[in-house]
Amino acid sequence: MGVKKYQQWVRQRFRDYHSHELGRLLVTKRGSRKVRRLFLDLNAIIHTAVNIVYDGIVDDFDSYWGDVVIELTAEIIAIMEIVNPVYLMYLGADGTVSKAKMLQQRQRSYRVMPKEDQFSRNNVKPGTEFMATLSHSLRESLKAALNKRKKDGDFTPAAVEFSDASIPGEGEHKILARMKSATKEGDSQKMVDVIFSPDSDLHFLLMLNVPAGDHAIIMRQVHKVEEEESKYEYFYVTEIRSKMDLGIHTPMGFSKISSRNDFALISCFAGNDFLPALPFFKYGDGDVFDAILSAHSAAFKAFQSSDYVYDNWENLLKYLITLSEKEEGFLLKTSNAMTSQSSEFYDGENDRRSGAIELATGSGNKGEPKFETSFFDSKYNRQITGTYHHVNQLQIEELDYDYIDEMCHAYLEGLVWVVQYYRTQGKGVNLNWAYTYHYAPNLTDLISYLKRHEVPAWKRTPLLTSVIEVPFTPVEQLLAILRPEDLHLVPNIARTLFLNKMPSLYPEKVLFDYTLIPFGREHDAIVLINFPDMLSIRALFQAIEDDPSVKARNKTHNIVKIWKK
């Protein structure tokens with residue numbers, strides 16, 4: 001997931017630093033660089049293996065997990081053979097995540113509704129029996145494969161390490177932490193680290209965190225392979241970062257750290273795993289980032305200090321005013337891409353784009369619309385409910401301006417949270433923070449809010465009054481994100497307790513908003529589902545946390561050194 005359209009934009013704008021051949025990016029005037037370490041964001045490879053093995057399988061899923069391990073091991077070895085890391089191969093699986101990430105996973109869980117006879121992708125989550133079994137078996141399978149390669153005289157790295165799903169943190173965050181921890185694994189300024197991951201968030205993590213002079217290349221699988229092309233592509237992200245630094249500066253001075261903070265922040269307007277895109281950017285292509293950056297350059301001419309957007313709320317206002325000048329073009333583009341039909345819904349039982357249905361009422365979290373039925377006014381193409389959503393800057397009557405202000409404040413707060421989350425890999429940020437609205441505010445509303453409110457510098461503004469830094473447990477996370485059909489993935493005692501005490505967490509029917517969704521893009525539909533209150537989940541969970549079946553699922557392992565020469 002990550003920032004939509006970003007990789008498409010990088011391919012077009014930085015062609016010299018994108019290739020389907022790793023060797024081309026390793027060539028220098030003095031020869032070819034070697035790869036010192038390979039880092040694997042393991043979940044992407046697991047999902048590929050699961051899709052291959054379970055394609056067409058309709059029952060007895062447990063009989064095939066061994067085939068998943070075989071497929072997974074083969075793919076890891078294949079990537080290793082391409083990259084040839086000298087010192088280390090590191091595998092990082094997704095552990096428990098922040099509430100902000102959980103909301104995205106909850107949306108995805110309800111958006112992808114498999115039939116009863118299909119293997120659920122929610123098995124590939126921390127705390128499931130599937131992941132526990134897979135992690136143990138993968139360690140043994142990889143160890144055997146590497147021992148055989150050594151015996152046969154084939155290439156192996158000096159060491160292989162594995163951080164499994166029981167260890168908290170997103171896979172790419174574990175990778176960044178491991179990248180920064182080692183000092184004796186080759187010359188970082190003469191060799192290259194390669195990171196395998198499909199997540200465009202990784203671009204921003206590397207841009208903000210890789211030390212100056214180090215070299216990092218992102219490797220990802222290409223799903224639509226052209227003739228004579230490799231099934232992988234590569235982005236020389238540290239070289240791309242250097243080129244971007246030249247385009248983000250103030251007339252009063254230049255700061256690499258501030259320029260990179262700014263790029264991470266303003267890219268949020270295109271949408272990511274934590275914040276929805278601004279309405280007029282939602283369906284743009286790579287040109288979204290050209291607009292974002294050109295507005296940044298233009299706005300700097302009006303800045304009166306060396307502060308960047310991230311450092312100064314007044315400069316953010318000037319930037320947004322400049323960005324608003326590009327809004328009309330994107331609105332026209334979005335309008336032309338839309339279907340002429342009125343918005344429709346999907347209830348998880350019938351075909352997509354069926355009629356309006358009832359939605360199980362939620363717990364009434366702040367920022368959550370309360371409604372029993374919902375419909376759309378086709379003239380304005382907007383939802384006539386408590387849900388707020390501007391379209392084409394229409395002057396819609398009876399708006400709740402206090403609600404809009406709360407939404408704007410939450411969105412601006414989210415911009416700061418996301419940059420800090422990227423910079424710290426989730427350490428020291430409030431793990432219970434989340435943007436609890438289904439839509440982003442309009443750009444004009446953000447501008448209006450900033451004009452009417454005196455707000456101190458962001459870096460001196462606390463994000464929330466209560467900070468939760470203790471990671472959520474695997475079972476807590478499962479209880480927050482699973483749909484009812486998948487609750488068999490948690491221990492029986494947890495399933496029974498939460499269905500009885502928090503039934504609103506598991507609506508049988510949900511509403512899908514297809515407003516402004518072109519045909520062929522149904523996967524972008526917004527799931528209008530209630531937001532879980534993680535503090536309430538944690539409080540209720542305390543009643544069962546010492547149960548043996550729950551403790552077994554929540555057990556945390558250490559990073560394992562699978563193999564060493």
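From the backbone N, Cα and C atoms, a Cβ is placed for every residue, glycine too.
According to TrEMBL, the domain 'Xrn1 N-terminal' annotation covers 1-112, 114-208. Taken from TrEMBL, the feature domain 'Xrn1 helical' covers 392-509.
Across the domain 'Xrn1 N-terminal' (114-208), DSSP assigns 46 helix, 10 strand, 39 coil. The average pLDDT the prediction assigns to the domain 'Xrn1 helical' (392-509) is 82.
Note: the domain 'Xrn1 N-terminal' (1-112) comprises 65 helix, 18 strand, 29 coil (DSSP; helix = H, G, I, strand = E, B).
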